[in-house]
Amino acid sequence: MQAEMNQSAEVTMKTFFTMKTRETHPQAFVAPMATATMMPIDTGDNSTEAGVPGEGKNDVFEKLKEKFMNELQKIPLPPWALIAIAIVSGLLLLTCCLCICKKCCCKKKKNKKEKGKGKKNDINMKDVKGSGGNQDDDDAETGLTEGEDKEEEAKEEEKLGKIQFSLDYDFQANQLTVGIIQAAELPALDMGGTSDPYVKVFLLPDKKKKYETKVQKKTLNPTFNESFVFKVPYQELGGKTLMMAVYDFDRFSKHDCIGQVTVLMTKVDLGQQLEEWRDLESAEKEEPEKLGDICTSLRYVPTAGKLTVCILEAKNLKKMDVGGLSDPYVKIHLLQNGKRLKKKKTTVKKNTLNPYYNESFSFEIPFEQIQKVQVCVTVLDYDKIGKNDAIGKIFVGSNASGTELRHWSDMLANPRRPIAQWHSLKPEEEVDVALGLKK
């Protein structure tokens with residue numbers, strides 16, 4: 001047994017030595033390789049049989065290597081150049097591989113994100129479907145109306161106060177008596193936290209006929225106790241609307257409308273006296289009404305102290321009569337410190353909205369006083385029965401503004417020369433405030 005083991009060990013050592021020598025010197029040991037493979041081995045070791053295919057592969061590799069080296073020797077380049085080319089080629093391949101890897105990674109990340117978003121959208125859509133489509137529609141509608149609701153709430157919160165009035169109709173005299181009793185909880189429009197309220201009363205659509213209460217100074221709860229009478233036949237009263245507007249008086253600017261109340265006469269039981277409170281509503285802002293234009297000429301002679309005012313013509317006057325025309329005439333007042341010193345007036349022009357006058361009026365004014373006076377020009381509609389209503393008004397003087405001040409300055413800069421200019425008529429109240437005239 002010991003002898004057999006020693007014999008197998010010797011065979012193994014010989015085989016190992018033979019393979020090593022073949023690797024280093026393959027051509028010198030081709031013949032012995034065949035004898036080694038044909039030796040019988042009793043121990044059953046198949047290591048020599050496994051070496052046969054390995055030796056064939058090595059031969060092929062060696063042949064390819066020899067061919068490659070032969071081809072390299074044929075290339076007319078030095079070895080270092082070939083090595084450099086190989087290194088550059090390897091680097092290029094490496095960079096290409098890195099770029100491809102990065103692109104693949106980026107695509108994977110994008111796909112993951114899109115999948116995540118898709119999942120979220122799916123969840124949201126499920127939530128929407130679960131809540132129901134009708135609910136979404138309702139939410140959209142409520143979203144659109146939220147702004148409107150806020151505006152309505154703001155309007156409701158903005159309280160303008162209230163007014164107490166009375167109505168009484170006399171069927172025998174055909175007249176409506178409107179009583180303005182008091183107002184309460186008015187907003188403060190002045191700097192001191194108060195207001196100077198008064199009330200205007202109209203029986204629309206006729207704005208020509210209006211009444212005004214007295215101004216109650218520095219109060220938010222004024223008491224008026226004033227009555228006004230409108231002579232209206234009962235048959236015509238159904239088409240009328242009573243309007244009561246509360247204003248804040250301001251001596252130096254336009255009066256602000258605090259609020260108003262409108263009463264449709266068709267909804268009022270005139271068989272008995274009515275007395276009630278009503279909340280004031282905000283007045284709708286109306287564009288300024290066009291009253292017409294007037295052309296005047298001014299001439300001043302300093303040495304003689306003589307001012308000549310010529311009323312030339314007017315155009316596009318407001319319609320004041322039922323027939324759509326007016327009977328206009330012009331009043332000229334000479335004022336100083338809000339006091340009327342002298343008064344002149346033109347003739348009446350019947351049934352026209354574009355009257356032509358060419359009438360002159362003279363006033364004696366010393367040169368040292370010319371900067372202290374104002375000339376007020378008022379266009380009125382003549383009425384045989386009732387009061388003559390003012391259509392519009394302007395004034396010129398050193399304290400005027402706009403075209404009126406420019407006209408006055410041109411007159412003083414050009415003594416003895418008549419200077420003519422057109423002026424747009426303004427509401428009577430606005431001009432009276434600017435002049436400081438009393439109500």
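Glycine is no exception: its Cβ is also placed from the backbone N, Cα and C atoms.
Note that the structure is predicted; figures quoted are calculated from it, not measured.
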Among N6, N358, residue with annotation N-linked glycosylation site (source: Swiss-Prot): N6
Residue in D279, D293, D321 which Swiss-Prot records at the Ca(2+) 5 site where D381, D383, D389 also bind: D321
Would you mind telling me which one of N46, N399 Swiss-Prot calls N-linked glycosylation site? N46
Excluding D321, D327, D381, D383 themselves, the Ca(2+) 4 site's Cβ centre has within 8 Å the residues M320, S326, P328, Y382, N388, D389
Looking only at the domain 'C2 1' (159-278), what are its DSSP counts of helix, strand and coil residues? 7 helix, 65 strand, 48 coil
Measuring CB to CB from D381 (Ca(2+) 4 binding site), give everything in the same chain under 8 Å that is also at least six residues away in sequence. M320, D321, S326, D327, P328, N388, D389, A390, I391
Specify the secondary structure state of D381 (Ca(2+) 4 binding site) as given by DSSP, simplified to three classes. strand
Specify the count of other C-beta atoms within 10 Å of the C-beta of D321 (Ca(2+) 4 binding site). 13
